[in-house]
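Peer 1: Questions regarding the structure given below will be posed in turn.
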Amino acid sequence: MSAPVTRKRLTPKVIQAMKGECPIVSLTAYTTPVARLLDPHCDLLLVGDSLGMVLYGMESTLAVTLDMMIMHGQAVMRGTSHACVIVDMPFGSYQESKEQAFRNAARVMQETGCDGVKLEGGEEMAETVAFLVRRGIPVFGHVGLMPQQVNTVGGFRSLGRGDDEVGKIRRDAQAIAQAGAFAVVIEGTVEPLAREITALIDIPTVGIGASSACDGQVLVSDDMLGLFQDFTPRFVKRFAHLAPQVSQAAEAYAEEVRARRFPGPEHVFGAKPGA
């Protein structure tokens, strides 16, 4: 009998080498059961601070804490063996100084066992990215629309329509690449600019509301699965519609309980003969 084939976990270096090759498949994951389902199909799983909105009902990602990210990072690591797992650095955990960023990123790496961290920001964060990378922490960048800065940009909207925005996003992506990030998310950016940046920089771009020309794509899993119902961004395609199925299952369960059809004989334990 031949031994089972063991797939090694993908590393940030492997992800970086996928630039211009096979598109990078990425989704968010927050829990062990879902991570197990996604792991065989994804190159990179992102433990995103979007969990604040899709799991906890927050209005934005700003209230997500480092402890929350570590707890969910641990859960995702328990459910994966193949995908590269990256954990978001939440708002306030890295912006103060590069030393603060290293201290908190090191804690994330140590306590979760993840493969790297993601942080938002462009030119203003390049020094921090370089500081982390030089100290052994792989960094996944994030430019374009940055949800942690939603209060300063006037809400969730696409960027790159004016010359100032185009120049800023282009410079941001170049700065993050030059600082040593292994890849960069481009979010909510007009298609021609995302396409241009992908050709311009030498690390993979992972698009979300960007361009099919990006080196990979990422979506929030709850959006992709049709579980998150509060709103649907234009860039989301629902590959399933699980929310109605969950509701229907709960309705059927409630009906059977109230009618005393559940549990049935096959779901209960009988007494042993002679007991």
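Counting begins at 1 with the first residue displayed.
Cβ from N, Cα, C; glycine included.
Copying in the features that Swiss-Prot gives for the protein in this structure:
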- Asp49, Ser50, Asp88, Lys118: 3-methyl-2-oxobutanoate binding site (BINDING)
- Asp49, Asp88, Glu120: Mg(2+) binding site (BINDING)
- Glu187: active site, proton acceptor (ACT_SITE)
Peer 1: Identify all same-chain residues not among Asp49, Ser50, Asp88, Lys118 whose C-beta atom falls within 8 angstroms of the centroid of the 3-methyl-2-oxobutanoate site's C-beta atoms; report them in sequence order.
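Peer 2: In sequence order, the nearby non-listed residues are Thr28, Leu46, Val47, Gly48, Leu51, Thr61, Val64, Met69, Val87, Met89, Pro90.
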Peer 1: Among Asp49, Glu120, Glu187, all listed as recorded positions, which has the most CB atoms within 10 Å of its CB?
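Peer 2: The largest 10 Å Cβ neighbour count belongs to Asp49.
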Peer 1: Per residue, counting other C-beta atoms within 10 angstroms of the C-beta, which of the binding-site residues Ser50, Asp88, Lys118 reaches the highest number?
Peer 2: Asp88
Peer 1: Roughly how many angstrom lie between the C-alpha atoms of Ser50 (3-methyl-2-oxobutanoate binding site) and Glu187 (active site, proton acceptor)?
Peer 2: 13
Peer 1: Please report the three-state DSSP label of the residue listed as 'active site, proton acceptor'.
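Peer 2: Assignment for the residue listed as 'active site, proton acceptor' reads strand.
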Peer 1: Fill in the CA-CA distance, Asp88 (3-methyl-2-oxobutanoate binding site) to Glu187 (active site, proton acceptor), as an integer in Å.
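Peer 2: So the alpha carbons of Asp88 (3-methyl-2-oxobutanoate binding site) and Glu187 (active site, proton acceptor) sit roughly 15 Å from each other.
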Peer 1: Quick one: pull the CA-CA distance for Asp49 (3-methyl-2-oxobutanoate binding site) versus the residue listed as 'active site, proton acceptor', whole Å only.
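Peer 2: Between the alpha carbons of Asp49 (3-methyl-2-oxobutanoate binding site) and the residue listed as 'active site, proton acceptor' there are 14 Å.
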Peer 1: Could you measure between Glu187 (active site, proton acceptor) and Lys118 (3-methyl-2-oxobutanoate binding site) for me? Cα positions, answer in whole angstrom.
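Peer 2: Answer for this pair: 13 Å between alpha carbons.
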Peer 1: Through the lens of DSSP with three states only, how would you label Asp88 (3-methyl-2-oxobutanoate binding site)?
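Peer 2: SS state of Asp88 (3-methyl-2-oxobutanoate binding site) = strand.
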